[in-house]
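K.L.:
Marked as domain 'EamA' by TrEMBL: 5-137, 149-286. What TrEMBL records for 33-55, 62-87, 93-114, 121-143, 149-166, 178-202, 214-233, 269-287 is transmembrane segment.
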Amino acid sequence: MTPAALALVLTAAVAHALWNLAAKRVVADRVVLVWLYVVGAAVLWVPPALVWAVVSGQRPNGGWLLVAGVSALLHVAYNLVLVHGYAAGDLNLVYPLARGVGPLVVLVVAVGLLGESPGPAALAGACLVVLGVLVMTLGGGGGRRRADGTFWGVATGLTIAAYTLWDHHAVSALAVPPLTYFCLGLLLQAVPLTVATVAGAGRRAQVAPVLRRYWLEVLAVAVLSPLAYVLVLQALTSAPVSLVAPLRESSIVVGAVLGWWLLGEPRAARRLAGAAVVLGGIALLSLA
C-alpha cells in the first residue's frame, strides 16, 4: 500500500471515530438523527461536489446514477440489518462481529475471486487488524440473545463486505469520481429517510427539538462522516480493497481510546491490548 493511500485511510479512521463519538452523545430516534445527518451532509457537500464536477470537466451519465443507486440500496440494507441486530442481540456481540466479519469477507473475496495478490506481510497485517478489532470489542455473555446476536452480527458484516466491494468496483473499475459517487448515493438515501421521518408524526415532532439541542453534534457528523467515506473511496481508486477494508477498521482503536478517556468506558486493559495488535497490523501494512 502506498504512503498516500495509507494516510488517506488512517485519516478517515480518525474522522470516523470522531463522528461516532459525536453521534453517541445524541439521545434521539436513530431515524431522525440519520435524516438530519443526511440533510446536513447534502447541504454541506453537494454544492462543492457540483463545483468540482464543473471545474474538473466531469461528464456524468445515467450509469453513474445506477451505480450510486446500488450503493444506496446496500447502505440502506446495512442500516436495517444493523438496527435489527441491535434489537435482537447485545451491542457488545453484534458490533464487533460486524466490524470483524466485514473486512475478513472482503479479504477472502478480493484474493479468491478478484485476483488481488497482496504479499505475506500485507496479508498478515490485514489479519492482525481484524484480530485486534475482535480482541478490543468482543465481550462474553449474551445469554439467550447470543445466538441471535451472532447471526445478525455476521449478517451485518456481510452487508459491510457487499457495499465495500461495490464501492471499490464503482470508483476503480467504473471510474466514478469518489465525491460525485458519494453525493449521488447520499441524495438517493435521503428519499426513503425523508418518507420515514415525515410520515411519522412522532418523528416529525422530534426534528426541531433534536436540532436545537444537538446542532453541534449533527454538524460534526455531517462534516466528518462524509469526509471519512470519501477519503476511503479515494484510497480505493489506487489501493487493493483487500487491504483498505481491514485498515479502515482501525477507527475502532481511536474510538475505544476516546471512549475510555472522555466517556470513562470500561475494559481499558483489553482495549489497549487489542489496540496494540491493530497497530502491529497497521505497521505491517505500511511496510507492504
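Cβ atoms are placed via backbone N, Cα and C, with glycine included.
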K.L.:
Considering only the recorded stretches 33-55, 62-87, 93-114, 178-202, 214-233, state which has the highest number of Cβ pairs under 8 Å to the transmembrane segment (149-166).
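P.N.:
Out of the listed stretches, 93-114 contacts the transmembrane segment (149-166) most.
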K.L.:
Is the count of Cβ pairs under 8 Å between the transmembrane segment (33-55) and the transmembrane segment (214-233), pairs 6 or more apart in sequence, 3 or more?
P.N.:
yes
K.L.:
Give the mean pLDDT for the domain 'EamA' (149-286) on the 0 to 100 scale.
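P.N.:
Residues in the domain 'EamA' (149-286) carry a mean pLDDT of 87 in this prediction.
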K.L.:
Which sequence positions outside the transmembrane segment (178-202), separated from its termini by at least 6 residues, show Cβ-Cβ distances below 8 Å to it?
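P.N.:
Contacts of the transmembrane segment (178-202) (Cβ under 8 Å, skipping residues fewer than 6 from its ends): 29, 31-32, 34-35, 38-39, 41-42, 45-46, 48-49, 52-53, 58, 60, 64-65, 67-69, 71-72, 75-76, 167, 170-171, 226, 229-230, 233-234, 236-237.
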K.L.:
Please list the DSSP helix, strand and coil residue counts for the domain 'EamA' (149-286).
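P.N.:
Looking at the domain 'EamA' (149-286) with DSSP, the answer is 123 helix, 0 strand, 15 coil.
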